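Asks: Take a look at what Swiss-Prot says about it:
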- 166-173, 191-195, 213-216, 280-283, 309-311: ATP binding site (BINDING)
- Ser173, Thr193: Mg(2+) binding site (BINDING)
- 1-159: domain 'Obg' (DOMAIN)
- 160-328: domain 'OBG-type G' (DOMAIN)
Amino acid sequence: MQFIDQARISVRGGRGGDGIVAFRREKYVPAGGPSGGDGGQGADVVLEADSNLQTLLDFKYKRLFAGIDGRRGGPNRCTGASGPPLVIKVPCGTEVRHLSTGIVLGDLTTHEERLTVAFGGRGGLGNAHYLSNRNRAPEKCTEGRDGEEWPLQLELKLLAEVGIIGLPNAGKSTLISVLSAARPKIADYPFTTLIPNLGVVRRPTGDGTVFADIPGLIAGAAQGAGLGHDFLRHIERTRLLIHLVDGGAEDPLLDLRVVEKELEAYGHGLVERPRILVINKQELIQEEDLDAIVSALTEASGRTPLLVSAAMNRGLDDMLDRVWSELGI
């Protein structure tokens, strides 16, 4: 499945139906009064969160969504039928912005949560509204009004409690695959992960906690370099970050600083987010280098790193104990 996490669409509420001019034409009522009915209300356009959807892919192929127009009024003061709401399904975690102003209109995070993004136009008035002492047979009615029309920006931000971050090839996909039932593509080269991967990790209570493996960041990610710029938004909702550092890298300290710099540059409070520092690929670290690497990372980050090997399933229980403790579980 192709992962699309941004989309631009246009929404337009239905036009209100027109009011009509009509007069009573009944037996024994030779000069009936005005009886023109009002037009129906145009359809609203509504976004609805659906937990069964994982991507905004559908909006790649259809970008204009218009509600049904209201029906015109009828004789005998009959109001025209209103257009039923046009309901558009989006994934849970979709943030909706007005494209022109950037104003956030809503944030759909729970299943079946709804947001009206364009109201339909009001129906026009029939001539029955214009009866007066001076005008007993009004010929006046009004047209229905146009519905609202707006350009919108949809942004999907994954709903995960724990985000796994780090440079490309730090072992994030291997870690999430070992911890959960997720099966991301894994290989020994940078940028294997091109989309965020979600995995559910069982808590001690038996409930599940969603972990997100965020595609690798590189220097300049917050300004658009590499893959990180498009996916940093997915860790905005997380409660906790696992910062994974490749223990077998040429310079683990430099790798640490690159990611921390990108979190700070991106903003949105990410640099203050609770974080666990984890050195992965413990098996690749020479025994004589281990203390120096741990000491350097501790001094630079102010955090004592945990040592794990995702590939060999070492140290992961201790890491999860820290995760549950940080989350208050």
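Quick reminder: no glycine exception, Cβ is built from N, Cα and C everywhere.
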Asks: Where does the mean pLDDT land for the domain 'OBG-type G' (160-328)?
Replies: 82
Asks: Would you count the other C-beta atoms found within 10 angstroms of the C-beta of Gly166 (ATP binding site) for me?
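Replies: Other Cβ atoms found within 10 Å: 25.
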Asks: Which one of these binding-site residues, Lys172, Lys281, has the sparsest Cβ neighbourhood, judged by other Cβ atoms within 10 angstroms?
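Replies: Counting other Cβ atoms within 10 Å of each of the binding-site residues Lys172, Lys281 gives the minimum at Lys281.
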Asks: For Gly166 (ATP binding site) and Ser173 (Mg(2+) binding site), what Cα-Cα distance in Å is obtained after rounding to a whole number?
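Replies: Their Cα atoms are separated by 11 Å.
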Asks: Around Ser173 (Mg(2+) binding site), how many other C-beta atoms are within 10 angstroms of its C-beta?
Replies: 24
Asks: What does DSSP call Asn169 (ATP binding site) in the simple three-state scheme?
Replies: coil
Asks: Within 10 Å of the Cβ of Asn169 (ATP binding site), how many other Cβ atoms can be counted across all chains shown?
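Replies: By my count, 20.
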Asks: What whole-number Å value do you get for the CA-CA distance of Ser309 (ATP binding site) and Ser173 (Mg(2+) binding site)?
Replies: 13
